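Accompanying notes for the structure given below.
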Amino acid sequence: MLKEIRPAIFVLLALTLITGLLYPLAMTGLAVTIFPAQAAGSLITRNGQVIGSALIGQEFKDDRYFHGRPSATSTADPNDSTKTVPAPYNAANSSGSNLGPTSKALADRVKEDVDKLKAENPAQPVPVDLVTTSASGLDPHVSPEAAMFQVPRVAKARGVPEDRVRALVVKNTEGRLIGLLGEPRVNVLALNLALDAATATK
């Protein structure tokens with residue numbers, strides 16, 4: 001019987017070694033060698049300090065900054081471990097809201113967001129990604145339209161011409177991958193850092 005089982009045990013051990021150890025180590029080594037920044041998490045630093053990742057969004061509330069998409073991520077309620085409380089862009093708990101299209105809570109939240117944005121820029125239609133969450137809750141990008149929509153607010157809060165802020169949006173707009181894949185997008189953290197740098201001295 002051992003003779004019949006031995007090949008199966010050998011294959012199990014060999015595949016475990018190859019796919020569980022050698023392959024991951026080889027891929028990690030290649031990634032660190034060829035794409036060191038991406039392998040380290042695409043971290044963004046300022047003055048030598050890590051302030052975020054290009055792959056994970058952050059919540060911005062100040063009018064002087066561009067805002068990202070709504071985030072439905074949550075964290076454990078410190079007062080009741082059986083419940084959760086909202087924690088936007090919580091990278092330790094990536095998730096969507098799980099609210100369906102007939103949900104009153106979802107409809108009320110979207111309406112509230114739309115009303116706030118219309119008050120901010122009544123002349124322009126509200127871009128859909130400014131009122132809808134991503135599946136992960138961590139999307140670091142908004143559409144160019146969503147960024148442009150916020151230009152008047154940001155420019156007013158910083159006391160700079162709108163054209164200057166608009167030019168930064170254009171400069172920080174990423175195109176489709178190899179011209180075909182995905183949609184044009186703007187990384188909110190990168191844009192806000194560029195905004196800080198450009199307006200440090202007006």
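Here the Cβ of each residue, glycine as well, is placed from N, Cα and C on the backbone.
Positions annotated as transmembrane segment by Swiss-Prot: 7-27.
What Swiss-Prot lists as region 'Disordered' is 66-103. Panel annotation: around the region 'Disordered' (66-103), residues 56-60, 109, 113, 129-142, 146-147, 150, 154, 186, 188, 191-192, 195 of the same chain, lying at least six beyond its termini, place a Cβ under 8 Å from a Cβ of the stretch.
Residues or ranges marked as compositional bias 'Polar residues' in Swiss-Prot: 71-84 (among others).
Annotation source Swiss-Prot lists compositional bias 'Polar residues' at 91-101 (among others).
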The compositional bias 'Polar residues' (91-101): DSSP-derived helix, strand, coil residue counts: 3 helix, 0 strand, 8 coil
Secondary structure composition of the region 'Disordered' (66-103) [DSSP: H/G/I, E/B, coil]: 3 helix, 11 strand, 24 coil
